[in-house]
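Q: Got a structure for you, written out below as C-alpha coordinates; questions coming shortly.
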Amino acid sequence: MLWLELGCVAFLAGVVDAVIGGGGLLQLPALFTLMPGTAPAVLLGTSKLSSIFGTAGAAVQYSRALRPPWRMIWPAILLAFIASLVGALLIAQIPAEPVRKILPFVFLALLIYCWRTSDGRQERQSTEVYARTARQRAGVGAAVIGFYDGLIGAGTGAFLKLLYVRGLGMSFLQAAAPAKLTNLASNLAAVLVFACAGSLSWSLGLWMALANLLGGVCGSQLALRFGNAFVRRAFLLLVSVLTLKSFWDVYV
(Lines of atoms letter the chains of each structure in order from A and count residues from 1; the text may use other names and numbers.)
(Lines give C-alpha, C1' and ligand atoms only; values in the text may rest on other atoms or scores of the structure.)
Protein backbone atom coordinates (compact mmCIF):
# COMPACT_ATOMS: atom_id res chain seq x y z
CA MET A 1 0.00 0.00 0.00
CA LEU A 2 2.87 2.37 0.83
CA TRP A 3 4.50 1.82 -2.54
CA LEU A 4 1.19 2.35 -4.34
CA GLU A 5 0.65 5.67 -2.56
CA LEU A 6 4.18 6.84 -3.29
CA GLY A 7 3.85 5.70 -6.90
CA CYS A 8 0.73 7.83 -7.34
CA VAL A 9 2.46 10.83 -5.76
CA ALA A 10 5.51 10.32 -7.99
CA PHE A 11 3.31 10.21 -11.10
CA LEU A 12 1.54 13.44 -10.14
CA ALA A 13 4.89 15.05 -9.29
CA GLY A 14 6.17 14.05 -12.72
CA VAL A 15 3.21 15.70 -14.44
CA VAL A 16 3.55 18.91 -12.43
CA ASP A 17 7.32 19.03 -12.85
CA ALA A 18 7.12 18.53 -16.62
CA VAL A 19 4.61 21.33 -17.11
CA ILE A 20 5.91 23.97 -14.72
CA GLY A 21 8.62 22.58 -12.44
CA GLY A 22 8.54 22.05 -8.70
CA GLY A 23 7.33 18.45 -8.64
CA GLY A 24 9.73 17.64 -5.83
CA LEU A 25 7.65 19.83 -3.54
CA LEU A 26 4.91 17.20 -3.85
CA GLN A 27 7.14 14.15 -3.73
CA LEU A 28 9.50 14.98 -0.88
CA PRO A 29 6.83 15.92 1.71
CA ALA A 30 4.99 12.70 0.87
CA LEU A 31 8.13 10.67 1.57
CA PHE A 32 8.68 12.41 4.90
CA THR A 33 5.03 11.94 5.88
CA LEU A 34 4.67 8.30 4.87
CA MET A 35 8.14 7.17 6.00
CA PRO A 36 8.80 9.10 9.24
CA GLY A 37 11.30 6.58 10.58
CA THR A 38 13.64 6.79 7.60
CA ALA A 39 16.78 8.94 7.68
CA PRO A 40 16.19 12.33 5.98
CA ALA A 41 19.27 11.90 3.77
CA VAL A 42 17.87 8.63 2.41
CA LEU A 43 14.52 10.28 1.66
CA LEU A 44 16.26 13.18 -0.10
CA GLY A 45 18.37 10.81 -2.18
CA THR A 46 15.40 8.60 -3.05
CA SER A 47 13.37 11.62 -4.14
CA LYS A 48 16.24 12.81 -6.35
CA LEU A 49 16.61 9.37 -7.92
CA SER A 50 12.92 9.32 -8.74
CA SER A 51 12.86 12.86 -10.10
CA ILE A 52 15.77 12.38 -12.48
CA PHE A 53 13.80 9.87 -14.56
CA GLY A 54 10.76 12.12 -14.90
CA THR A 55 13.00 15.05 -15.77
CA ALA A 56 14.78 12.96 -18.41
CA GLY A 57 11.49 11.83 -19.95
CA ALA A 58 10.21 15.40 -20.17
CA ALA A 59 13.56 16.64 -21.52
CA VAL A 60 13.44 14.10 -24.36
CA GLN A 61 9.85 15.01 -25.25
CA TYR A 62 10.52 18.74 -25.28
CA SER A 63 13.81 18.40 -27.16
CA ARG A 64 12.12 16.44 -29.92
CA ALA A 65 9.30 18.94 -30.34
CA LEU A 66 11.22 22.16 -29.65
CA ARG A 67 14.80 22.59 -30.81
CA PRO A 68 16.86 23.65 -27.77
CA PRO A 69 19.43 26.43 -28.34
CA TRP A 70 22.38 24.14 -27.65
CA ARG A 71 25.04 26.80 -28.22
CA MET A 72 23.58 28.86 -25.42
CA ILE A 73 22.62 26.21 -22.90
CA TRP A 74 25.54 23.77 -22.89
CA PRO A 75 27.67 25.99 -20.60
CA ALA A 76 24.65 26.38 -18.31
CA ILE A 77 24.15 22.61 -18.20
CA LEU A 78 27.82 22.01 -17.33
CA LEU A 79 27.90 24.72 -14.66
CA ALA A 80 24.64 23.49 -13.12
CA PHE A 81 26.13 19.99 -12.83
CA ILE A 82 29.31 21.22 -11.15
CA ALA A 83 27.50 23.62 -8.81
CA SER A 84 24.96 20.99 -7.78
CA LEU A 85 27.79 18.58 -7.05
CA VAL A 86 29.35 21.17 -4.73
CA GLY A 87 26.00 21.92 -3.08
CA ALA A 88 25.28 18.25 -2.42
CA LEU A 89 28.77 17.73 -0.97
CA LEU A 90 28.31 20.72 1.36
CA ILE A 91 24.80 19.80 2.47
CA ALA A 92 26.04 18.62 5.86
CA GLN A 93 28.19 21.72 6.46
CA ILE A 94 25.71 24.49 5.54
CA PRO A 95 22.70 24.99 7.84
CA ALA A 96 19.49 24.71 5.85
CA GLU A 97 17.28 26.66 8.28
CA PRO A 98 18.41 30.19 7.25
CA VAL A 99 17.85 29.29 3.61
CA ARG A 100 14.38 27.93 4.39
CA LYS A 101 13.45 31.21 6.08
CA ILE A 102 14.55 33.26 3.08
CA LEU A 103 12.90 30.99 0.49
CA PRO A 104 9.28 32.23 1.01
CA PHE A 105 10.34 35.80 0.25
CA VAL A 106 12.18 34.63 -2.87
CA PHE A 107 9.01 32.93 -4.10
CA LEU A 108 6.98 36.06 -3.29
CA ALA A 109 9.38 38.28 -5.25
CA LEU A 110 9.21 35.90 -8.22
CA LEU A 111 5.42 35.88 -8.08
CA ILE A 112 5.15 39.67 -8.05
CA TYR A 113 7.64 39.98 -10.89
CA CYS A 114 5.83 37.39 -13.03
CA TRP A 115 2.41 38.94 -12.52
CA ARG A 116 3.65 42.45 -13.34
CA THR A 117 5.42 41.39 -16.54
CA SER A 118 3.15 41.13 -19.57
CA ASP A 119 3.17 38.33 -22.14
CA GLY A 120 4.54 40.72 -24.71
CA ARG A 121 7.94 40.77 -23.01
CA GLN A 122 8.36 37.02 -23.22
CA GLU A 123 9.36 36.96 -26.90
CA ARG A 124 12.57 38.44 -28.31
CA GLN A 125 14.49 38.01 -31.52
CA SER A 126 15.95 34.55 -31.92
CA THR A 127 19.43 35.98 -32.55
CA GLU A 128 19.52 37.32 -28.99
CA VAL A 129 19.10 33.80 -27.63
CA TYR A 130 22.50 32.86 -29.06
CA ALA A 131 24.33 36.02 -28.02
CA ARG A 132 27.37 35.79 -25.77
CA THR A 133 25.69 37.82 -23.02
CA ALA A 134 22.77 35.40 -23.06
CA ARG A 135 25.13 32.46 -22.57
CA GLN A 136 26.82 34.27 -19.71
CA ARG A 137 23.51 35.04 -18.01
CA ALA A 138 22.39 31.45 -18.46
CA GLY A 139 25.67 30.12 -17.07
CA VAL A 140 25.72 32.31 -13.98
CA GLY A 141 22.04 31.72 -13.25
CA ALA A 142 22.33 27.97 -13.78
CA ALA A 143 25.35 27.78 -11.45
CA VAL A 144 23.49 29.56 -8.65
CA ILE A 145 20.33 27.49 -9.10
CA GLY A 146 22.36 24.28 -9.51
CA PHE A 147 24.12 24.90 -6.20
CA TYR A 148 20.73 25.48 -4.60
CA ASP A 149 19.43 22.25 -6.15
CA GLY A 150 22.25 20.21 -4.68
CA LEU A 151 21.82 21.84 -1.28
CA ILE A 152 18.02 22.00 -0.93
CA GLY A 153 16.29 21.63 -4.28
CA ALA A 154 12.76 22.88 -3.55
CA GLY A 155 11.31 24.54 -6.64
CA THR A 156 14.47 24.23 -8.75
CA GLY A 157 12.53 23.51 -11.94
CA ALA A 158 10.46 26.67 -11.49
CA PHE A 159 13.58 28.76 -10.88
CA LEU A 160 15.27 27.39 -14.00
CA LYS A 161 12.23 28.04 -16.15
CA LEU A 162 12.09 31.60 -14.88
CA LEU A 163 15.82 31.99 -15.65
CA TYR A 164 15.26 31.21 -19.31
CA VAL A 165 11.98 33.13 -19.58
CA ARG A 166 12.85 36.36 -17.79
CA GLY A 167 16.61 36.32 -18.16
CA LEU A 168 16.84 35.22 -21.80
CA GLY A 169 13.54 36.27 -23.34
CA MET A 170 12.10 32.85 -24.16
CA SER A 171 8.42 32.01 -23.92
CA PHE A 172 7.38 29.61 -21.17
CA LEU A 173 7.05 26.81 -23.71
CA GLN A 174 10.39 27.59 -25.40
CA ALA A 175 12.06 27.51 -21.98
CA ALA A 176 10.79 24.00 -21.26
CA ALA A 177 13.58 22.06 -23.00
CA PRO A 178 16.51 24.19 -21.72
CA ALA A 179 15.10 24.18 -18.18
CA LYS A 180 14.60 20.41 -18.19
CA LEU A 181 18.05 19.69 -19.63
CA THR A 182 19.69 21.95 -17.05
CA ASN A 183 17.63 20.42 -14.25
CA LEU A 184 18.58 16.95 -15.46
CA ALA A 185 22.26 17.83 -15.04
CA SER A 186 21.81 19.25 -11.53
CA ASN A 187 19.69 16.26 -10.49
CA LEU A 188 22.26 13.81 -11.82
CA ALA A 189 25.06 15.46 -9.85
CA ALA A 190 23.07 15.29 -6.61
CA VAL A 191 22.11 11.65 -7.21
CA LEU A 192 25.78 10.72 -7.72
CA VAL A 193 26.67 12.26 -4.36
CA PHE A 194 23.80 10.54 -2.54
CA ALA A 195 24.63 7.22 -4.22
CA CYS A 196 28.30 7.41 -3.19
CA ALA A 197 27.20 8.19 0.37
CA GLY A 198 24.79 5.24 0.41
CA SER A 199 21.85 7.59 1.02
CA LEU A 200 19.45 5.93 -1.41
CA SER A 201 16.69 3.35 -1.29
CA TRP A 202 17.26 1.86 -4.72
CA SER A 203 14.20 -0.39 -4.87
CA LEU A 204 11.73 2.29 -3.79
CA GLY A 205 13.52 4.98 -5.77
CA LEU A 206 13.38 3.01 -9.02
CA TRP A 207 9.70 2.15 -8.46
CA MET A 208 8.90 5.84 -7.97
CA ALA A 209 11.17 6.68 -10.91
CA LEU A 210 8.99 4.61 -13.24
CA ALA A 211 5.88 6.46 -12.09
CA ASN A 212 7.68 9.80 -12.30
CA LEU A 213 8.86 9.01 -15.82
CA LEU A 214 5.30 8.27 -16.95
CA GLY A 215 4.14 11.49 -15.33
CA GLY A 216 6.91 13.46 -16.99
CA VAL A 217 5.97 12.17 -20.44
CA CYS A 218 2.27 12.89 -19.86
CA GLY A 219 2.99 16.36 -18.48
CA SER A 220 5.22 17.35 -21.38
CA GLN A 221 2.56 16.21 -23.86
CA LEU A 222 -0.02 18.36 -22.06
CA ALA A 223 2.24 21.40 -22.27
CA LEU A 224 3.02 20.83 -25.95
CA ARG A 225 -0.66 20.35 -26.77
CA PHE A 226 -2.06 23.39 -24.97
CA GLY A 227 0.82 25.77 -25.63
CA ASN A 228 2.52 28.72 -23.99
CA ALA A 229 -0.57 30.39 -22.49
CA PHE A 230 -1.46 27.21 -20.60
CA VAL A 231 2.08 26.76 -19.32
CA ARG A 232 2.30 30.39 -18.19
CA ARG A 233 -0.99 30.20 -16.25
CA ALA A 234 0.04 26.91 -14.68
CA PHE A 235 3.41 28.39 -13.73
CA LEU A 236 1.81 31.40 -12.04
CA LEU A 237 -0.58 29.11 -10.19
CA LEU A 238 2.26 26.90 -8.96
CA VAL A 239 4.39 29.83 -7.79
CA SER A 240 1.35 31.21 -5.93
CA VAL A 241 0.85 27.87 -4.19
CA LEU A 242 4.57 27.54 -3.43
CA THR A 243 4.62 31.02 -1.91
CA LEU A 244 1.71 30.26 0.42
CA LYS A 245 3.06 26.80 1.29
CA SER A 246 6.57 28.02 2.03
CA PHE A 247 5.31 30.81 4.31
CA TRP A 248 3.06 28.30 6.09
CA ASP A 249 5.81 25.70 6.56
CA VAL A 250 8.38 28.18 7.89
CA TYR A 251 6.42 30.76 9.84
CA VAL A 252 3.13 29.15 10.96
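The backbone N, Cα and C atoms fix where each Cβ goes, glycine too.
A quick note: this is a predicted structure, and the numbers were derived from the prediction, not measured.
Positions annotated as transmembrane segment by TrEMBL: 42-60, 72-96, 102-118, 139-164, 184-210, 230-248.
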Q: When you scan the chain for residues with a C-beta under 8 Å from the transmembrane segment (184-210), skipping those not six or more beyond its ends, what do you find?
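A: Answer is 3, 6-7, 9-10, 27, 38-39, 41-42, 44-56, 59, 77-78, 80-85, 87-89, 142, 145-146, 149-150, 153, 156.
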Q: Grab the same-chain neighbours of the transmembrane segment (72-96) for me: Cβ-Cβ under 8 Å, and only residues 6 or more beyond its ends, written as numbers and ranges.
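A: That would be 129-130, 134-135, 138-152, 168, 178, 181-183, 185-190, 192-194.
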